[in-house]
Amino acid sequence: MSLAGKKITVHDMSLRDGMHPKRHQITLDQMRDIARGLDAAGVPLIEVTHGDGLGGASVNYGFPAHTDEAYLSAVIPELKQARVSALLLPGIGTVEHLRMAHALGVGTIRVATHCTEADVSEQHIGLARTLGLDTVGFLMMAHMSSPAQLVVQAKLMESYGANCIYITDSAGHMLPDDVTARIGQVRDALKPETELGFHGHHNLAMGVANSVAAVAAGANRIDAAAAGLGAGAGNTPMEVFVAVCDRMGIETGVDVFAISDVAEDLVVPIMDAPIRLDRDALTLGYAGVYSSFLLFAKRAEAKYGIPARDILVELGRQRLVGGQEDMIEDAALTMVRAREVAA
């Protein structure tokens, strides 16, 4: 099937998911510079918050260089055409955080839950719609549910008022056929006017291929990040995805060379380490582990001497999900004790 002429919305993750590899330490000036570049390149939606969403500043998730309010207040006035979104995970972010974001000018709220827990999003989705926001239901770790199970959860979020549903490959575990099955069945089940999106990670180097598969299956919003700046091996690299779309005739409204310049000149220089598919990031995708667990596992390796890869495989075996970051150190300690007993 030709996708020529299909119009999609590209949603930038560099300033939210990109907070994870930066340990939430992006400066206000860096935020402004990158946001202005994205805006000038034609990116229509830019997400700005702590990596774990509004209210994410904590011992469990990490303390950012600045508050969500400061980041949003720095970015929003700089933009000429792009709109700003914010992520909110019920249980981390509250309705008061949502009201704050709305008051500052955020136009899109993405309410994120584990892929089996859409029911916890009802209050936040309902309030967002009442406030007149573009309201997205964001089903994380979607590889852990079958297409039929995702349909049930997506329809719940739609019933609460979400005007867009996201299928989210938080672990970068899916292959194109997995994406096609999930996006296709959810698209068939939702109202025609409800939009559908896909969020990918590059842990198996499938970010671009999976995003194209999502578009072919009916998604019209796609997440990506300049230079792939995001958790694990990064999000779908936007400059590559936009170039592929351009080759295929998919209309993104984003200038290929301008977004490449943003990636090369603004994003790459702020990286603490290259965003690449090393053995630990590959293990995330292979074992189906939440991408933001990567640095937690690397820190546990440095502390306890257990290879991060072994820790990540164990986390995958335990089927840990986002929000269980405190269990990573527990798993490492258990592995240390087991090795001491075996010695």
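Each Cβ is built from the backbone N, Cα and C atoms, and glycine gets one as well.
Features of the protein shown, as given by Swiss-Prot:
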- HIS20: active site, proton acceptor (ACT_SITE)
- ARG16, ASP17, SER170, HIS199, TYR290: substrate binding site (BINDING)
- 8-260: domain 'Pyruvate carboxyltransferase' (DOMAIN)
- ARG16: site 'Transition state stabilizer' (SITE)
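In the structure as shown, the Cβ atom of HIS199 (substrate binding site) sits within 10 Å of 30 other Cβ atoms. Counting other C-beta atoms within 10 Å of each candidate's C-beta, the recorded positions ARG16, HIS20 are led by ARG16. If you draw a 10 Å sphere around the CB of TYR290 (substrate binding site), it holds 28 other CB atoms from the protein chains shown. Rounded to a whole number, the C-alpha distance linking the residue listed as 'active site, proton acceptor' with SER170 (substrate binding site) is 13 angstrom. Close to the recorded substrate site, the chain also has MET13, HIS20, MET140, THR168, HIS201, ASP223, GLY230, ALA231, ASN235, SER291, SER292: residues not among ARG16, ASP17, SER170, HIS199, TYR290 whose Cβ is within 8 Å of the site's Cβ mean position. Sequence-distant contacts of SER170 (substrate binding site), defined by Cβ-Cβ distance under 8 angstroms and a gap of at least six in the same chain, are MET140, MET141, ALA142, HIS199, HIS201, TYR290, SER291, GLY322.
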